Amino acid sequence: MPTPKPLVLIILDGWGYAPPSNANAISLARKPNYDKLLTDFPNTLIHTSGRYVGLPPGQMGNSEVGHLNIGAGRVVYMDITKIDLAIENKSLFKNQTLLDAMKHAANGRQLHFFGLLSDGGVHSHQNHLYALLRMAKENGVERVFVHPFMDGRDTLPTNGVKYVDQLQQKMREYGIGKIASISGRYYAMDRDKKWDREKLASDAMLHGRGEGGRYKDPVQGIKESYNKGVTDEFIIPFVCVDDNDQPIGVIRDGDACINFNFRADRARQITRVLARNSGITKDGGRELDAADTLDATIPRDTIPKDLHYTCMTQYDPKFTLPIVIPPDTLTHILANEMAAMNMRNLRVAETEKYAHVTYFFNGGIEKPYPGEERELVQSPKVATYDLKPEMSANGIADVIEHAVEKGAFDVIVVNFANADMVGHSGKIPPTITAVETVDSCLGRVYNVVRKKGGAMLITADHGNAEQMIDPETGGPQTAHTTNPVPFIFVAEDAKKRFSLRPDGALQDISPTMMGILGIPQPKEMTGHDLRVDLTVKK
């Protein structure tokens, strides 16, 4: 078949497959365009979790992992897997970056751990914190404080009280550490430059000012939050105090801090807030995006100086802070193979997923490759996306329609965020609206691509919206799933000529694209073309 132009890769974020049910917002939605594409063109299901994407067995996938695997055309072993192995073989306890932080703290200073406290495995894992606490004990650090960020998004909404109780048990077992503050991830892990949220978290961590109150027992604080209808993700930052009502452990000048989140996108902003006076960049972060707004919202003179701030992974290539697990360099990924063939490609997403179709899709490289253009559509300014389930999908469809009509691009990579971002609310009606909005956009894109003689690959990076009710509790499920996702090959006469093989994974998408585009597949790509040519006699 002739090379289609353009080839459009559509990533329906959070659009997994599960049998129809009252918990499946995708099956409950009216989606005539998607259903027709599924009927008229070759399709299969592919894996997006566990060992298929470089995660521990049974671990649900996520957007970062998904886009890395898609763009790399191979299984990319994730930081969680690397850290798990380092704990297992004890190399983590000999890591020089961590030893330097421990040595700094053992010199009469305080050591602070902070990050997402859960077993969700998307941004962090509580087992990593437990290992760090053991290491601090072994290295003679005396004053250790933990500032947990509560999850409720990649875990059940009220599991946080269990995680805090488990943490306190571990601290008693090891004889080290106290919980100093608690913040919902909504505040401490924002990624949309909403500095007012980070201010509430940093006020608790730095100044002992808790908008959510002061508690001797953090479990009591969490339970009171639940009683007010506020679940883990949205817990208003509160401070833990001693018998004299004094904050137990605020971050002070010269302290050591270790952010134990391994996923970068939601660790970046809190790092920018806290490390501005501690060598985050040569210019103290002043050259970074929205630095003036940050300094106006959280004045620089209110931030501690000379922190020994350590990042678990590389949160931003511009940061000059110590890193525990440095990034791998991926070569011969789809992006540089397209560049080598002088192919023009466009990346399109709204704010929430822009980094995924650019930075993560490009193997952790921020700078665009030659021939690569990017179009960012602003996400709506709402507290949570169930309030605006349409998000900016129609704006994305506008961009794609214009780009296809113009005929300037060989490849277009697009992410529709709705099913994932609204699915995280755990609310079925708005998630149905989100799915139906994306379906309408699919119809628009298909019409213009067909008219221009192009082709589409429709898939997802992980599941979410297909499982909105927790089967054990009967309550809302806000986390991703381990379900497979659809993969549809939309092209003229595709159903006559091709079938798609089963048991594929995200690593197979780039090889499939290269097969369609006629680009030789490099040996570094270990995925395989998902197409089976029915016209070739065996």
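Each Cβ is built from the backbone N, Cα and C atoms, and glycine gets one as well.
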Candidate sharing the substrate site with His123, Arg153, Asp154, Arg185, Arg263, Ala264, Asp265, Arg266, Lys353 (per Swiss-Prot), from Arg191, Arg347: Arg191
Same-site Mn(2+) 2 binder from Ser63, Ser499, Ser510, given that Swiss-Prot records Asp13, Asp461, His462: Ser63
Given Swiss-Prot lists Asp420, His424 for Mn(2+) 1, the same-site residue among His402, His480: His480
For Ala264 (substrate binding site): DSSP state (helix, strand, coil): coil
Integer Å distance between the CA atoms belonging to His462 (Mn(2+) 2 binding site) and Arg266 (substrate binding site): 18
For His424 (Mn(2+) 1 binding site), the one of Asp13, Ser63, Asp154, Arg191, His462 that lies nearest, given that the binding-site residues are compared by Cα: Asp154
Rounded inter-Cα distance in Å - Ser63 (Mn(2+) 2 binding site), His123 (substrate binding site): 11
Neighbourhood of His462 (Mn(2+) 2 binding site) by C-beta distance under 8 A, where only residues 6 or more apart in the same chain count: Asp13, Gly14, Gly16, Thr48, Ser49, Met60, Gly61, Asn62, Ser63, Val65, Gly66, Asp420, His480, Thr481, Val485
C-alpha spacing of Ala264 (substrate binding site) relative to Asp461 (Mn(2+) 2 binding site), in angstrom: 18
Fewest other Cβ within 10 angstroms of its own Cβ, chosen from the binding-site residues His123, Arg191, Arg266, His424, His480: Arg191
Sparsest-packed among the binding-site residues, when each Cβ's other Cβ atoms within 10 Å are tallied, from Asp420, Asp461: Asp420
